[in-house]
Amino acid sequence: MQLKDAKLFRQQAYVDGAWVDADNGQTIKVNNPATGEIIGSVPKMGAAETRRAIEAADKALPAWRALTAKERANKLRRWFDLMIENQDDLARLMTIEQGKPLAEAKGEIAYAASFLEWFGEEAKRIYGDTIPGHQPDKRIIVIKQPIGVTAAITPWNFPSAMITRKAGPALAAGCTMVLKPASQTPYSALALAELAERAGIPKGVFSVVTGSAGEVGGELTSNPIVRKLTFTGSTEIGRQLMAECAQDIKKVSLELGGNAPFIVFDDADLDAAVEGALISKYRNNGQTCVCANRLYVQDGVYDAFVDKLKAAVAKLNIGNGLEAGVTTGPLIDAKAVAKVEEHIADAVSKGAKVVSGGKPHALGGTFFEPTILVDVPKNALVSKDETFGPLAPVFRFKDEAEVIAMSNDTEFGLASYFYARDLARVFRVAEQLEYGMVGINTGLISNEVAPFGGIKASGLGREGSKYGIEDYLEIKYLCLGGI
């Protein structure tokens with residue numbers, strides 16, 4: 001691992017301020033999806049080690065929450081500064097373990113760091129209220145306090161940003177956190193722990209436990225010390241975690257699956273729409289929860305849009321993310337490849353046509369050609385199921401009512417996108433789409449200042465923005481009598 005700072009490549013878990021192995025010495029191997037090579041290994045921890053991390057978080061909680069907001073903010077700011085100072089190393093580490101191109105990885109590091117900066121400042125803006133009393137001698141005050149020990153389970157597709165988007169508000173609010181990162185991408189998480197330690201985050205405040213998803217996750221959901229769980233991942237696992245957390249009424253934040261529609265109306269700027277589709281669909285090789293999963297294009301511009309999209313996709317450069325000029329890396333594993341192939345085969349069997357890509361890339365491994373399907377029928381599997389890969393199925397629609405009905409015909413409600421110029425239509429469609437987020441004439445909507453989250457089966461709660469810190473706070477009502 002060639003890094004400027006070799007200490008950022010950690011192969012031990014970080015628990016209670018110490019770098020430790022699993023009790024039984026077992027490890028999990030981590031591979032580079034672009035080459036298949038083994039990068040290294042991390043501890044395969046279980047319930048016992050997780051319990052110790054939780055107990056350490058509980059022990060660290062009183063002192064951490066007692067700090068002033070400014071003191072916590074200063075430590076988060078230092079963590080942010082260290083991420084920016086080490087952006088190149090962190091990005092390289094991410095590309096090696098996750099596969100995304102280096103330019104995308106650098107962008108993610110900047111995005112990830114922004115949550116530490118933002119929520120460090122928000123720590124100073126945790127405001128309460130005074131409410132007129134219900135009797136002459138009564139005074140009512142509302143204060144907000146940290147919920148306590150929190151747990152986070154994060155995915156492999158954004159292995160840094162999904163951590164800071166949770167740890168930032170948790171620590172800013174005065175909570176402590178135990179993190180279980182994805183086993184495919186643990187090194188990004190461990191590098192962040194190294195920088196947190198350098199930033200002066202006290203021991204026990206932020207721990208990273210690597211290992212068995214079932215055992216670690218089971219302890220996080222069943223341990224009564226943990227008062228909140230935050231999870232980004234599939235709806236299936238989210239349902240399971242929510243049920244487990246219900247046993248002792250834990251607070252939960254869930255950012256789950258998506259099935260984003262990307263709508264292009266007749267009056268759209270087609271060049272802008274193609275640019276937006278390229279970003280929304282093929283960024284991170286389609287492995288994002290907010291990527292366009294269904295492209296709906298109105299009859300009048302259907303053929304022109306497809307031609308422009310084909311030309312844009314043809315310019316994508318597939319390869320190892322560390323190589324110069326590469327725009328698209330590999331899929332994370334063979335299972336991801338199989339799902340893309342399944343969706344293509346199903347659509348083609350029902351009448352769709354492949355006009356670009358459609359098969360594994362000549363590079364082999366988990367590389368896959370960016371694919372476009374046309375004349376996709378409404379009953380295709382891809383219309384209901386999130387692909388999580390470089391497949392753009394282009395559906396036709398006739399009018400606004402039809403496309404809104406098709407777009408909303410899903411259990412998911414995370415992100416949606418549409419391109420149109422008519423101002424009345426912009427507001428009409430935006431308000432009728434049943435999604436937590438709507439991108440209008442843009443294919444890139446994620447940032448630290450906006451509330452990220454979904455409705456329906458896409459989750460609960462919001463991350464980022466001034467609302468993101470609220471999920472880590474409890475409201476307490478004080479009634480003063482005899483005044």
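Positions of Cβ are set from backbone N, Cα and C atoms, glycine also.
Taken straight from Swiss-Prot:
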type: ACT_SITE; residues: E255; note: active site, proton acceptor
type: ACT_SITE; residues: C289; note: active site, nucleophile
type: BINDING; residues: W156, N157, K180, P181, A182, S183, G233, S234, L256, E386; note: NADP(+) binding site
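Residues W156, N157, K180, P181, A182, S183, G233, S234, L256, E386 are the ones the record ties to NADP(+), and the longest Cα gap between any two of them is 24 Å. Taking a C-beta cut-off of under 8 Å and a sequence gap of six or more, A182 (NADP(+) binding site) has these contacts in its own chain: T154, P155, W156, P159. Neighbour list (E255 (active site, proton acceptor), Cβ cut-off 8 Å, at least 6 residues apart, same chain): F231, T232, G233, C289, L414, F452, G453, G454, S458, G459, G461, E463.
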